[in-house]
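Q: First the structure, which I've put down as structure tokens, then a few questions once you've had a look.
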Amino acid sequence: MNFKKDSLYAHPVESPEGFQFDSAVTAVFPDMIQRSVPGYRSIISAIGLLAGRFAQANSLCYDLGCSLGAATLAMRHQIEAHDCRIIAVDNSEAMIERFKKILANDTSPIEVETRCEDIRDTRLENASVVVLNFTLQFIPIEDRSEFLRNIYQALLPGGILILSEKLKFDDPRQQQLQTEMHHAFKKAQGYSDLEISQKRTALENVLIPETFSCHQQRLLKAGFNSAEVWFQYFNFASIIALK
Ligand SMILES: C[S@@+](CC[C@H](N)C(=O)[O-])C[C@H]1O[C@@H](n2cnc3c(N)ncnc32)[C@H](O)[C@@H]1O
Ligand SMILES: O=C(O)C(=O)C[C@]1(C(=O)O)C=C[C@@H](O)C=C1
């Protein structure tokens, strides 16, 4: 599949619009996310490994906010449980259409169903693995608790939720340092100061990060037995929540 290098914010824009997962972002997405999220590739590989361990026979695995299905493909190649299906959901038509083409070139006995819909409306059931890889941060804060309660209810005993998010920090020095180090990471990946600052503006009020303790408390309140960070690289972390 042909993907372009991300240069969406390389030229000055007068008033950058709010960030959207439209066709322009879709066309550069693999490059964009890899150069923007420290540790992205490691997280994707580990999601595959975790699915290999947690996927149960005759159950469903959900990839919610799947974009181009990187987590789905990683899971698909690690799951050995019988009669396990993956349901991959995204409300960006551009992402889902592109993902369908990627899927057509990927062979595996594990069936994948793609759905273009809002993940808050997705009927969740009989789940052994649920993945929210950098997706919850785009859901309005007031909807997050109910959404996570629904995920918890849909999970089978022994089920897992893998929740990856950009984090915020209560301590202002940590907040500043981690933000600056994330920007240093982006610069090391070839983004210019202009690209970094224009994307930052575009993401304001669109990507809403919270602290780890806020995520942990919400997960425990939703019913999960435990919720811990298994990976963190600057202000990007991935959490395992167990039922
Ligand atoms: C950062 S991307 C996720 C990356 C992807 N999970 C991966 O591992 O490559 C966030 C995705 O969530 C989707 N999204 C955001 N809000 C959504 C919603 N309410 N319903 C469905 N998808 C949503 C966006 O369209 C976008 O594709
Ligand atoms: O916070 C940033 O600067 C980002 O670019 C992060 C982020 C994300 O976490 O989803 C935002 C949008 C793109 O999907 C890729 C990465």
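Backbone N, Cα and C define each Cβ position, glycine as well.
Any TrEMBL annotation is an automated prediction that lacks curation.
These figures come from a predicted structure and were not determined experimentally.
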Q: Hey, TrEMBL has S-adenosyl-L-methionine bound by Y40, G65, C66, S67, D90, N91, D118, I119, R200. Any idea which of N105, N133, N225 it lists too?
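A: My reading of TrEMBL gives N133 as the candidate in that site.
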Q: Quick check on the domain 'Methyltransferase' (63-159): DSSP residue counts for helix, strand, coil, in that order please.
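A: Tallied per class, the domain 'Methyltransferase' (63-159) gives 36 helix, 25 strand, 36 coil.
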Q: Counting every protein chain present, what is the number of Cβ atoms, excluding its own, within 10 Å of the Cβ of C66 (S-adenosyl-L-methionine binding site)?
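A: Cβ-Cβ neighbours of C66 (S-adenosyl-L-methionine binding site) within 10 Å number 27.
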Q: Go through D90, D118, our binding-site residues, and report the one whose Cβ sees the most other Cβ atoms within 10 Å.
A: D90
